[in-house]
Amino acid sequence: MRLASNKLIVATKNKGKVQEFAHAFASMGIEVESLLNYPGIPDIVEDGDTFAANAEIKARAIAERFRLPVLADDSGLCVDALGGAPGVYSARYAGEGATDADNNAKLQRELLALGGERAAGEPLSPARFVSALVLVEPDGGRRFAAEGEAAGAILAEPRGSGGFGYDPYFLVPEFGRTMAELTVDEKNRISHRGKALRALLEQLK
Ligand SMILES: O=c1nc[nH]c2c1ncn2[C@H]1C[C@H](O)[C@@H](COP(=O)(O)OP(=O)(O)OP(=O)(O)O)O1
Ligand SMILES: [Mg+2]
């Protein structure tokens, strides 16, 4: 990748995202720092209407503070049976300050409330993860944006201990495993974030 620096700030406080990006960039010799290293930076208000708008908000807010390239991800889960919810509200589905467990509990409640016939072990609904990425170079440099999606289905029972967020409930059809049952490498290969990142890196060539 042709970036002005071998170091990149990922504008996130999410440990799972940091791990995935650090893994992806390690092979390119690029060191990743995140907002976890800068606890004094205040929370960013993510009030955009789209994933892309929120990624832009996060990238811009953090780019003001560093003379390094800044990469932001805004992502979430869109569930067919819920008309695309929780979508951009994925992080605060069960309310402001909700944990992953709170959000997953609400997701199960909402899906089970829809009722319907279902064989044991059969998914509750098709769903997809979406990731929007924005990369901003310092000093009025270039800006790049890309999106990626991963299609799958929501299970009624969690499986696996990897990943984060909704991963234990998200079945990846091509693996027959949940996102939480994949290694970081496997997840990056098929995930919304991995696809968005590869699309972004294509533009930098
Ligand atoms: O690969 C994923 N596997 C499982 N769950 C995921 C994934 N990707 C996004 N998600 C869920 C987690 C969170 O509920 C929301 C992201 O919200 P989002 O605001 O982008 O991230 P965040 O607040 O966790 O960290 P930050 O804003 O500091 O980057 O979607
Ligand atoms: Mg967030």
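Placement of Cβ uses the backbone N, Cα and C atoms for every residue, glycine included.
Annotated active site, proton acceptor per TrEMBL: Asp74, in sequence order. In the three-state DSSP classification, Asp74 (active site, proton acceptor) falls within a strand. Within the same chain, the residues at least 6 positions away from Asp74 (active site, proton acceptor) whose Cβ sits under 8 Å from its Cβ are Glu46, Gly48, Phe51, Ala52, Ala53, Asn54, Ala55, Lys58, Val88, Ser131, Ala132, listed in sequence order.
For the recorded site, Asn14 (substrate binding site), the DSSP three-state label reads coil. Its Cβ taken as reference, Asn14 (substrate binding site) is surrounded by 18 other Cβ atoms within 10 Å in the chains shown. Look at TrEMBL and you will find Thr12, Lys13, Asn14, Lys15, Gly16, Lys17, Ser75, Phe164, Gly165, Tyr166, Asp167, Lys187, His192, Arg193 tagged as substrate binding site.
Annotation comment: TrEMBL describes Asp74 as Mg(2+) binding site.
Same-chain residues at least 6 positions away in sequence with a Cβ under 8 Å from that of Gly16 (substrate binding site) are, in sequence order, Gly163, Phe164, Gly165, Asp167. A simple way to gauge crowding: the CB of Asp167 (substrate binding site) has 25 other CB atoms within 10 angstroms, across all the protein chains here.
Those residues noted as binding substrate (Thr12, Lys13, Asn14, Lys15, Gly16, Lys17, Ser75, Phe164, Gly165, Tyr166, Asp167, Lys187, His192, Arg193) have their most widely separated CA atoms at a distance of 19 Å. Cβ neighbours of His192 (substrate binding site) (same chain, under 8 Å, six or more residues apart in sequence): Ser75, Arg128, Phe129, Val130, Ser131, Gly148, Glu149, Ala150.
It is Thr12, among the binding-site residues Thr12, Ser75, whose Cβ has the fewest other Cβ atoms within 10 Å in the structure shown.
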